[in-house]
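The domain 'Aminoacyl-transfer RNA synthetases class-II family profile' annotation in TrEMBL covers 1-285. TrEMBL lists 46, 47, 48, 77, 91, 95, 220, 224, 225 with the feature L-histidine binding site.
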Ligand code: HAM
């Protein structure tokens with residue numbers, strides 16, 4: 001899996017064509033500006049469409065399939081700020097390109113579940129639905145039209161508009177939720193290939209003991225989805241309880257001018273995940289992996305310590321040297337605050353003896369190492385932590 005970084009802003013058109021003209025994101029939530037050249041640009045409200053754009057522009061297709069990418073970065077939505085809902089927030093996301101197989105859906109849901117479990121979270125539920133392909137959705141739309149048509153006068157103003165423009169979104173309206181519960185289910189309208197895909201995914205999830213609830217009101221707020229959609233909700237959060245969401249978007253590549261590339265992925269909201277950790281009383285250990293603090297006493301020792309730090313950095317370790325001229329106990333305290341497990345101590349005495357001291361801050365144990373072997377020895381110890 002590779003990291004992918006896309007620009008913070010894109011041409012507005014990209015999100016209109018992918019997330020959907022009638023979606024809340026495009027209708028109400030985008031930060032859209034004109035640049036000096038009169039082009040309409042938008043701060044990215046989500047990461048999937050930019051990645052597909054980057055794929056198409058850079059002919060990633062030549063890399064062969066399957067392809068897996070992850071990303072971490074800021075997203076922007078002009079929403080009313082409240083707990084768990086920010087105008088600039090961060091997502092960590094994962095996308096798989098090229099596979100139509102339900103095995104890829106399994107892998108995506110396993111990735112979300114594993115990520116949340118490894119953080120220690122337990123009080124979340126995976127909501128799952130299949131909204132089918134454009135073919136089977138035609139019939140489903142008709143069924144919804146008939147159902148909601150009988151209740152038109154009871155709908156909120158937004159839903160009255162959505163009835164005409166984007167009828168699936170009526171299902172996840174918070175105001176008209178009661179009506180949604182009794183609405184026709186998309187899974188009853190799936191064509192044979194979509195039904196088989198959904199059944200296979202559920203079999204896989206059962207086999208892998210991934211708990212989920214089937215939720216036929218789940219349609220997600222972005223229009224590019226096809227077949228599988230899912231959302232992870234945490235019980236310790238208030239109204240903004242979705243900590244991650246995702247699904248399949250088999251039509252997005254062709255909508256954006258590429259060929260047919262089945263694809264899917266998810267994104268988690270980092271700030272909401274942090275709220276969920278707090279709600280469950282989980283403290284994420286602040287462990288600075290492979291981190292070494294070099295404490296020095298005196299000018300000569302500082303130079304020696306800096307040389308040692310440079311050698312250790314060349315080997316890939318994350319190394320800090322005191323540049324605040326603190327006394328030794330101040331340096332050790334600071335190293336502890338930064339989460340260092342090991343401190344290398346270089347003082348006059350050590351210089352004279354041609355050694356350095358390696359102290360394990362967790363146990364208090366320390367050893368004197370001959371300068372000649374210090375790099376290898378420290379690297380061996382620290383890179384295994
Ligand atoms: P999304 O459901 O719109 O999906 O956003 C994913 C997650 O971002 C949400 O579950 C939530 O945790 C977080 N989030 C969204 N808006 C806010 C906000 N205003 N403040 C704080 N957190 C927020 C997507 O963006 C899709 N691109 C996910 C995806 C990837 N689907 C396929 N691949």
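In case you wondered, yes, glycine gets a Cβ from its N, Cα and C as well.
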Per DSSP (three-state), residue 91 (L-histidine binding site) is strand
Based on DSSP, name the secondary structure state of residue 48 (L-histidine binding site): helix, strand or coil. helix
Using a 10 Å cut-off, grab the number of neighbouring Cβ atoms around the Cβ of residue 225 (L-histidine binding site), all chains included. 27
Sequence-distant neighbours of residue 46 (L-histidine binding site) in its chain (C-beta under 8 A, six or more apart): 15, 19, 25, 75, 91, 222, 267
If you tally other C-beta atoms within 10 angstroms for each of the binding-site residues 48, 91, 220, the top scorer is 48
Taking every pair from 46, 47, 48, 77, 91, 95, 220, 224, 225, which the record gives as binding L-histidine, the longest CA to CA distance in angstrom is 21
According to DSSP, does residue 225 (L-histidine binding site) sit in a helix, a strand, or coil? coil
DSSP output for residue 220 (L-histidine binding site) maps to coil
